[in-house]
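Notes for the one structure printed next.
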Amino acid sequence: MKKTFVKILSKSYVEGYPVGFFIGLIILAIFGSMVCIFSFMHYSEEENSNIQMDLERSSKQIIHNIQMNAMYLLSSIDTLKALYYVNPNFDRNDFNVFLNTTLKNSEFQYLFWIKKINNNDRNCFEEKFSKEIKDTFQIYSFDENTNSIHVAKNKSSYFPILHAFPDINKDIIGLDINSTDYMNETIKKSIFNKKPTVHLNKKVLLSKRNIDILIVSPIIVTKTLESTNETMEDMSHISSGLFLMEKNVQASRIEVENGNDFTIFLSTTNGEIVYQENYLNFKTLYQVHESGLFEDRLKYESSLKIADCVLKLWIFTTEEYENNSKTYLPLLVSIISAVILVLLITYSVDQRKQKSLIAKIMREKNNLINKILPLEVSVKLENGEDVVAERSNNACVFFLDIAGFTRFSSIHSPEQVIQVLIKIFNSMDLLCAKHGIEKIKTIGDAYMATCGIFPKCDDIRHNTYKMLGFAMDVLEFIPKEMSFHLGLQVRVGIHCGPVISGVISGYAKPHFDVWGDTVNVASRMESTGIAGQIHVSDRVYQLGKEDFNFSERCDIIHVKGKGRMKTWYLMGKKSSDFSLKKDFSRSRVQPSLFNRKQSHVHCIYPEFPSGLQALNIENNLNNTDAGCENCSKILKKTYAYSPDHSTSNYYYHGDDNSPPPPSLNSNDLIDGSEYHDDPFPSDSNVGYHDTSKDIKEDENEQNETLLFNQEQLKKKQIENIQRDLSLNDSIEAIKILNNNNNNNINDNNINNTNLNNNNNDININNSDNVNNYENNNNFSDKIENNDGDNNNINDNNYKSTNENNIKSKTLFKDSKSLINDIKMAKENCDNNDDNNNNNNNNNNNNNNDENVESKKNK
């Protein structure tokens, strides 16, 4: 599903523009639209915020102007009281002259002078004041029920208005302000508070749209008062002022910029409206809120204080003001933001693409460096540090070689050989990562690894344990594919000690490697080991014997430059079920699987398919008779063992006539106690294939193979001489070469002799299986007694060849001028071959005669 989706996105309907590109454009357009909308909303909110700030600033200025006018009125009231204290008997002219010089903003407020008149003095005062003003004067009262003015009725005292500034309606002169109960409460409150008091009648507020505020300030004769009633009796005058609310609000908003673009409401703390616009007719603020007229308008809410009265202030913006205050800035900013965002995203995508490309190159470079060099070294190189060779005294070195790989590679295609190596080395790389082992290099079919070469790994015992565990896993997992299917096994050598590690780098191809005597010893452990086993030095044995099992007896081997060394074979870990002990016991009883004298034996298990197909490698060999279909061995003789009489699950290919051992399962221990006189019990289903017809053919094939091996050996030795031999040691080298050739020819003669003996044994076995098998053993003993020299050579054939090759390499040094000596050595080798072949034929004839005579004796 994921691959299909990626494929669809990669498909291009327009050249150079895949579907994914158009999808990206759509996403970009959507994202850009969202950014534009967000920018528009953001700057619209910012504009509204600016309008709100302007509203608050204007509202505060209006409130300030109203409060300043109220303060002027209060100061005028106090000034009028000061006039009384200076001249208690001032008349109207004095009143007008004084207020004209002191009162400000007289058009927004009125001042009243009120005097207390007792009922007994009413008539006398009216006559006297009429003469003073030269007009009729009477005391009137206000009827709240009829909302009318009439002559005041008799009562204990009156508070008529005597003077008013500026002149207003003459009907107000003589009006008793104490004619209503609510006004009486206001006067008492002002006397009690001893400060100016605002008179607001709720009934009047609800009946009128806009009202003016009356402020009263009493003048008390006595200073000590015991009760409010007594204070009312002692009060002589009242200085009062009328605050014209509508005129003051209009005057205050005119002084403010755009003040007329606001809608103002003034109300008491209970919500009764004191002031509103002329085109409105609300009684309370609740009605304003419920009307919904100002729901979408900006609002500012505050309060102001006039004398002792606190009023609530609501100011709303008008639609015209908001429209005039808004600009095209939000739209312009959103467009610019969209353009910038598109450019930024385009630039970011391009930069990201370049960074991804650079990061990909760097990752590939780092991965390549990490594959070539250890992590610690690659980190130093990345940080620009110089990589100097380091010495480690606690390293452990591992060598592995695939036994039989040369034969395998000679009969398979290069592609198959490479694929087999890749599969094997990939498995080993995974095991290295699992155990924390550092892979150093591969040389052909050899594998080298180390651990403990860096300073942080300074525990040699721990490093040895890691390497031994790694080696056991290698022998546990890898041989299952190689041995059972391909006829291949591995030899492993391990040694621990000091090494020097570093990077060898010229101008190209840096290479990390380790050097030292420890590396050489580990290589010797591998080369002198047994196929399918782990060969370790005595030092490794001493470090690991507490947790690992080793062979019961040590081996003594000769190591170049070291002399005789004690070595051991690793059997397994004590805490693990996997063990190499059974395979090791088999290798001690039987010759190596890869010895050319050893019969080729392997089992086909049901869980493993046959041959190269088990490793998913194509087999290009079409001739099925050329070799075994399950391995790389080219042999023709077959012994088939079929327990179920239907399918062959056991194959035996051999060069000799000896039957296979009773058990070839790698998990069955084969030692001397399990060998019987009869290799196959009477109840076993083993069928013998008659090979008497193929004896002569096998002899010819064997001779051709031996001659081919001789030629190859001579060529290799000549190449080694040409490369390594020095001029001073040329004569000695030629002698050694002749001796080696003679030894090899003798080995071949011995092999021919053994082949003839085996052929005779097969003829005898055809007459009587069991008895002839015993006689064959006795006859072999007789031959060994009669021909001791041949027996010794036969037992040490393979070992002598290896020792001769080692000696021929260790004694030679570099030389460049030995062509003539090489030709002489080759002629000597050819002569020796002819002589030895003649001796070979004579020995064969003698052996045949002895076999016939022995048969007659039996």
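In case you wondered, yes, glycine gets a Cβ from its N, Cα and C as well.
Some features that Swiss-Prot has for this protein:
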type	residues	note
BINDING	Asp401, Asp445	Mg(2+) 1 binding site
BINDING	Asp401, Ile402, Asp445	Mg(2+) 2 binding site
COMPBIAS	767-778	compositional bias 'Low complexity'
COMPBIAS	788-797	compositional bias 'Low complexity'
COMPBIAS	834-849	compositional bias 'Low complexity'
DOMAIN	86-317	domain 'CHASE'
DOMAIN	396-526	domain 'Guanylate cyclase'
REGION	650-691	region 'Disordered'
REGION	767-803	region 'Disordered'
REGION	827-858	region 'Disordered'
TOPO_DOM	42-858	topological domain 'Extracellular'
TRANSMEM	19-41	transmembrane segment
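The DSSP breakdown of the domain 'Guanylate cyclase' (396-526), given as helix, strand and coil counts, is 65 helix, 41 strand, 25 coil. Mean model confidence of the domain 'Guanylate cyclase' (396-526) amounts to 88 (pLDDT, 0 to 100 scale).
Ile402 (Mg(2+) 2 binding site): 23 other CB atoms within 10 A of its CB, across all protein chains.
Between the CA atoms of Asp445 (Mg(2+) 1 binding site) and Ile402 (Mg(2+) 2 binding site) there is a gap of 6 Å, rounded to the nearest whole number. Same-chain residues with CB within 8 A of the center of the Asp401, Ile402, Asp445 CB atoms, the Mg(2+) 2 site residues themselves not counted, are Leu400, Ala403, Phe405, Gly444, Ala446, Tyr447, Leu488, Val490, Arg491.
Non-local neighbourhood of Asp401 (Mg(2+) 1 binding site): Asp445, Ala446, Tyr447, Val490, Arg491, Glu526, Ser527, each in the same chain, at least six residues away, with C-beta under 8 Å from its C-beta.
The number of other CB atoms found within 10 A of the CB of Asp445 (Mg(2+) 1 binding site), across every protein chain shown, is 21.
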